[in-house]
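Okay, structure first, notes after.
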Amino acid sequence: MLSPAILLPALRDAVVKLDPRQLVRNPVIFVTEVVAALVTVLFARDLVLGAEDTVFSGQIAAWLWFTVLFATFAEAVAEGRGRAQADSLKRTKSELTARRLLPDGSTESIPAASLSVGDEVLVAAGELIPGDGEVIEGVATVNESAITGESAPVIRESGGDRSAVTGGTEVLSDEIRVRITVAPGSSFVDRMIALIEGAQRQKTPNEIALSILLSGLTLIFLFVCTAIWGLAAYSGAVISVTVLAALLVTLIPTTIGGLLSAIGIAGMDRLVRFNVIATSGRAVEAAGDVDTLLLDKTGTITFGNRMASDFAAAPGVSIPELAEAALLASLSDETPEGRSIVALATGDFGIALPQVTPDAVIAFSAETRLSGVDMGERRLRKGAVDAVLAFARLTAATAPAEFSRAVDLIARSGGTPLAVADGKRLLGVIHLKDVVKPGIKERFAALRAMGIRTVMVTGDNPVTAAAIASEAGVDDFLASATPEDKLAYIRREQQGGRLIAMCGDGTNDAPALAQADVGVAMQTGTQAAREAANMVDLDSSPTKLIEIVEIGKQLLMTRGSLTTFSIANDVAKYFAIIPALFIAAYPALGSLNIMGLASPRSAILSAVIFNALIIVALIPLALKGVAYRPAGAASLLRRNLAIYGLGGLILPFAGIKLIDMAVSALNLV
Ligand SMILES: Nc1ncnc2c1ncn2[C@@H]1O[C@H](COP(=O)(O)OP(=O)(O)OP(=O)(O)O)[C@@H](O)[C@H]1O
Ligand SMILES: [K+]
Ligand SMILES: [Mg+2]
């Protein structure tokens with residue numbers, strides 16, 4: 001975690017970050033730098049004048065600079081760890097070439113960097129996909145290990161929810177036609193690299209609020225120090241500017257000021273290590289407080305490669321007649337469901353592929369929930385049972401009992417029944433099979449233990465939804481949901497003051513993913529879903545939210561704990577330094593020197609040294625995060641207050657005392 005390969009470049013970066021123009025974004029540390037510069041000037045003056053203060057002001061100046069450097073170092077280390085991960089991504093994305101399709105159907109070879117949005121390219125087995133896009137023709141297996149680290153090939157195909165391809169990944173079999181949807185330079189991998197390197201990191205609203213609080217505290221202590229100076233001058237004691245500067249820096253919250261951005265960067269990094277790319281720090285924080293998790297069914301809870309497996313004919317209809325109608329209705333259906341129906345009818349059921357062109361093609365949409373063709377007199381439709389019944393002017397009550405039984409049997413087994421009709425004539429039902437991803441039930445139980453309610457929202461019918469919901473162990477489900485329904489559900493929950501996470505993969509999930517506080521898209525999903533979400537799970541695991549929530553909670557806890565620690569620390573230092581300041585003027589204050597520090601100067605220098613060293617000492621904790629255990633918010637708060645509040649109060653007494661002993665033993669001042 002802290003190898004020399006990261007620490008050495010971080011040291012160099014830490015020096016670069018001393019640039020005041022950069023540092024001004026961190027007010028506490030910026031004030032420290034200004035003060036360090038001031039004391040350095042005073043030291044130079046003492047040096048020229050040969051004043052007796054030279055040794056003291058020189059040491060104070062040095063330690064103030066170390067304080068600033070340790071703070072910039074913390075941030076540099078956090079960024080350096082991300083950069084190491086980004087470097088391996090950069091290697092995958094080296095020089096790519098594209099075979100761009102020309103209007104006459106031939107192809108030209110061009111560098112991928114000169115592709116533009118809307119271009120169409122061909123990619124065959126053994127070639128690298130030149131840019132982010134959508135498969136518009138064909139099916140291929142793709143090795144996406146370059147970005148997911150997972151070597152198992154995935155299927156990418158046109159039409160359905162698995163059509164998105166990522167530049168830099170390799171086609172293993174077959175040939176696909178890809179429409180480029182993202183300009184080179186802002187591709188998924190490019191954005192991943194920028195995010196991991198922290199180049200695009202923006203402060204979250206919580207961080208900004210905390211920064212304002214810390215700046216406020218800094219201002220107050222600036223005031224306090226000025227008042228002390230005036231008070232001392234009034235009472236005849238002389239307090240040097242060097243001592244005042246030291247006082248100010250030890251009192252302002254330098255510890256949390258120095259570690260704040262490292263904590264945020266480390267949180268994003270921890271997500272990357274769990275194969276989750278977050279495009280928003282705000283979402284990571286929101287994840288820590290999520291109340292409800294919404295999951296789409298097909299492709300999220302299930303694998304999503306729904307395959308037609310059987311036909312059940314309505315009374316008075318033969319199986320070949322149903323199979324042929326289903327085949328015709330699917331001829332122009334480019335979705336995986338449509339293609340699997342063609343495969344089943346022409347394969348197992350031996351129907352010859354008809355050489356006909358439909359008069360009109362009715363493409364599938366998540367709103368209508370049906371698809372089909374018009375052909376002469378025939379109006380062939382297939383789709384969700386209620387949608388097809390409505391099309392055939394039937395209802396659940398007026399549909400033949402045998403048909404309803406077949407539908408029910410399929411739905412109860414967790415399959416998706418697709419009804420087939422020709423105009424008003426109901427022909428039967430197709431059984432689409434899908435498989436629930438393994439190990440999901442236990443993981444949902446873990447989410448429940450964290451106090452998170454899981455709700456499955458699906459476009460599928462209520463009976464299938466109920467079967468899959470019970471197999472997967474979700475708390476609740478919403479069936480027959482259109483994209484608008486999913487969106488409305490989230491809005492309603494949010495209006496109730498709840499924070500919502502949504503996991504989805506399809507274009508029909510995109511609005512919901514964008515509306516959710518935490519939107520997690522499956523890497524296997526469509527481009528639209530990945531664009532709308534604020535996180536992408538490279539493993540496409542719907543229960544990854546467990547880790548995401550833990551990391552979010554850990555981030556919030558780490559920041560809270562270190563803020564508590566930092567402020568408690570500063571309070572303790574007050575007692576170490578103030579007596580030292582006034583002891584010369586008021587010897588009676590000697591009794592306040594409860595710590596028995598060697599001399600006023602040694603006390604002040606020790607406090608400054610402690611103040612600097614505590615930042616370095618806490619870097620590992622800031623990066624690793626405070627340990628998270630599932631427990632109630634109140635008991636966590638109590639525990640953290642005890643450890644970091646009390647610890648923060650006590651530690652400086654011991655630390656400053658020890659440093660004071662060393663300083664006086666070495667005769668430093
Ligand atoms: N190619 C298709 N042609 C006709 N009807 C379809 C097709 N694909 C799916 N359907 C029907 O439309 C319904 C809604 O589909 P939609 O994609 O909105 O949701 P889903 O994939 O079933 O569920 P989820 O929202 O969980 O992914 C499906 O349940 C199915 O009954
Ligand atoms: K401080
Ligand atoms: Mg889906």
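Our numbering is plain: 1 for the first residue shown, then up by one each step along the chain.
Each Cβ is built from the backbone N, Cα and C atoms, and glycine gets one as well.
Those TrEMBL annotations? Automatic predictions, nothing curated.
Record features (TrEMBL):
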ACT_SITE  Asp296  active site, 4-aspartylphosphate intermediate
BINDING   Asp333, Glu337, Phe364, Ser365, Ala366, Glu367, Thr368, Arg369, Leu370, Ser371, Lys382  ATP binding site
BINDING   Asp505, Asp509  Mg(2+) binding site
DOMAIN    97-197  domain 'P-type ATPase A'
TRANSMEM  27-48  transmembrane segment
TRANSMEM  60-78  transmembrane segment
TRANSMEM  208-232  transmembrane segment
TRANSMEM  238-263  transmembrane segment
TRANSMEM  574-597  transmembrane segment
TRANSMEM  603-623  transmembrane segment
TRANSMEM  643-666  transmembrane segment
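Features per TrEMBL, on structure.
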residue: Asp296; record: active site, 4-aspartylphosphate intermediate; contacts (Cβ under 8 Å, 6+ apart): Met456, Val457, Thr458, Lys486, Met502, Cys503, Gly504, Asp505, Gly506, Asp509, Ala512
residue: Asp333; record: ATP binding site; contacts (Cβ under 8 Å, 6+ apart): Gly159, Arg339, Ile341, Ala363, Phe364, Ser371
residue: Ala366; record: ATP binding site; contacts (Cβ under 8 Å, 6+ apart): Gly459, Thr482, Pro483, Gly506, Thr507, Asn508
residue: Thr368; record: ATP binding site; contacts (Cβ under 8 Å, 6+ apart): Ile362, Gly383, Ala387
residue: Leu370; record: ATP binding site; contacts (Cβ under 8 Å, 6+ apart): Ile362, Phe364, Arg381, Lys382, Gly383, Ala384, Ala387, Val388, Phe391
Predicted model, mean pLDDT over the domain 'P-type ATPase A' (97-197): 87
Close-lying recorded positions around ligand 1 among Asp296, Phe364, Thr368, Leu370, Asp509, where CB distance stays under 6 Å: Asp296, Phe364, Leu370
Contact between the transmembrane segment (238-263) and the transmembrane segment (60-78) (3 or more Cβ pairs under 8 Å, separation 6+): yes
Largest inter-residue Cα distance among Asp333, Glu337, Phe364, Ser365, Ala366, Glu367, Thr368, Arg369, Leu370, Ser371, Lys382 [record-listed ATP binders, Å]: 16
Among Asp505, Asp509, the one of these binding-site residues whose Cβ has the fewest neighbouring Cβ atoms within 10 Å: Asp505
Number of helical, extended and coil residues in the domain 'P-type ATPase A' (97-197), per DSSP: 17 helix, 40 strand, 44 coil
In sequence order, those binding-site residues of Asp333, Phe364, Ala366, Asp505 whose CB lies under 6 Å from ligand 3: Asp505
Recorded stretch that, among 208-232, 603-623, 643-666, has the most CB pairs under 8 Å to the transmembrane segment (60-78): 603-623
Outside the transmembrane segment (603-623), six or more residues from its ends: residues with CB under 8 Å to it: 1-2, 56, 59-60, 63-64, 66-67, 70-71, 73-74, 77-78, 81, 243, 246-247, 249-250, 254-255, 258-259, 262-263, 266, 558, 562, 565, 569, 573, 576-577, 579-581, 593, 595, 597, 651-652, 655-657, 659-660, 663, 668-669
Packing count at Phe364 (ATP binding site) (other Cβ atoms within 10 Å of its Cβ): 20
Mapped DSSP class for Asp509 (Mg(2+) binding site), helix or strand or coil: helix
